[in-house]
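**Student:** Okay, here's the structure, questions in a sec.
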Amino acid sequence: MRSSAGSTSAGRSLVLIKRLLRRGRGIGRAVMIEHSLFSLPFALVALLSESAGRPPWSTVGWIILAVVAARNGANALNRLVDEKIDAENPRTADRPLQTGRVRRLELILFTLFCGLLLLVSAWMLNPLCLALVPAAAVMIMGYSYTKRFTWLCHYWLGFTCSAAVMGTFLALTGSFQWRFFPLTGAVMFWVAGFDIIYALQDIDHDRSHGLRSIPARFGRFPALGFAAASFAVFMAGTVMHGLLYGFNAWYYAGVAVSGGILCWELLIAWKSEKSPENRIPFAAYKLNQTLSPIFLLFALAAVYLPGGLHG
């Protein structure tokens, strides 16, 4: 009898674990957790730069936790705010929230959990980071609504994502310094640029539903001009960052490779008019998920190889 009861209990526990893992995977797909690779590597570049390759390891984990929590909490909130809009868009109608694979309550709880993690991380870092949590919350909540009011929404998204970089600098120093702004601004315009390209898929939907975006407002090819200009600002910002921190040729090789990836992205977007649903996600997301880790690898080489900041 005991053996039978034990087997039943173990079976129920296994079923519960499988159910929790399934719900967790659903939430991960809903918030696109892999997109943490956009801003996090640049936050780590900021960490390496300001610490000259000698980061205070007691803060590294809290910085990473804050960046990941803020990013995924923001995306969960965006899914909640845009639930109706996403359901009406054929491109997004099969997302987990729209198909019932994730419940609204689960995303609400996940958003609150991420907010708590951000708050705890900021508290563990320094008083300035903690004091800026309300500002971060406004930035995060604001993006989901900006597309309803202004075609500058892409730059608000970039501004929000770039907070990961500025926040890393502030976590290390506890004060604002002008040398923090080139890399922060570079990330802002990089994110805005690829978000403009991503929005090319939704021109007709956005226009018919009164949503604002640069492609919907100005058209396809002017939007690519905005994206190209934004990427040019990214290049300038990363070069200026390298000059300010005294990086060697490895760093600038990373800048050059990143520039090549962005040119490839623009070329794909330029040629994607007839089949945007196939090419735009690769150009706007896959390539940029590759760009930031590659940039980080070159920054690591510039810091730790002989002749680097800590070589």
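From the backbone N, Cα and C atoms, a Cβ is placed for every residue, glycine too.
TrEMBL entries are annotated by machine, without manual review.
Dumping what TrEMBL says about this protein:
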type	residues	note
TRANSMEM	27-49	transmembrane segment
TRANSMEM	55-74	transmembrane segment
TRANSMEM	105-124	transmembrane segment
TRANSMEM	130-146	transmembrane segment
TRANSMEM	153-174	transmembrane segment
TRANSMEM	180-200	transmembrane segment
TRANSMEM	221-244	transmembrane segment
TRANSMEM	250-270	transmembrane segment
TRANSMEM	291-309	transmembrane segment
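I'd like these features described in context: how deep, what's nearby, how far apart.
**Tutor:** With a threshold of 8 Å between CB atoms, the same-chain residues lying at least 6 positions outside the transmembrane segment (105-124) that come near it are 23, 26-27, 30-31, 59, 62-63, 65-66, 69-70, 72-73, 76-77, 79-80, 97, 130, 132-133, 136-137.
Long-range neighbours of the transmembrane segment (130-146) within the same chain, counting only residues 6 or more positions beyond its ends whose Cβ lies under 8 Å from a Cβ of the stretch, are 70, 73-74, 77-78, 81-82, 115, 118-119, 122-123, 152-153, 156-157, 159-160, 163, 167, 170, 212.
Sequence-distant contacts of the transmembrane segment (180-200) (same chain, at least 6 residues past either end, Cβ-Cβ under 8 Å): 38-39, 42, 45-46, 49, 154-155, 157-159, 161-162, 164-166, 169-170, 206, 213-216, 220, 223-224, 226-228, 230-231, 233-238, 240-241, 244, 262, 265-266, 269, 272, 276, 280-281, 283-285, 288.
Non-local neighbours of the transmembrane segment (221-244) in the same chain are 49, 154, 158, 179, 182-183, 185-187, 189-190, 192-194, 196-197, 199-200, 214-215, 251-252, 255, 258-259, 262, 266, 269-270, 295; each lies 6+ residues outside the stretch with a CB under 8 Å from one of its CB atoms.
Same-chain residues lying 6+ beyond the ends of the transmembrane segment (250-270) with a Cβ under 8 Å from its Cβ atoms: 190, 193-194, 197, 200, 224, 227-228, 231, 234-235, 238-239, 242, 279-280, 282-284, 287-288, 290-291, 294-295, 297-299, 301-302, 305, 308.
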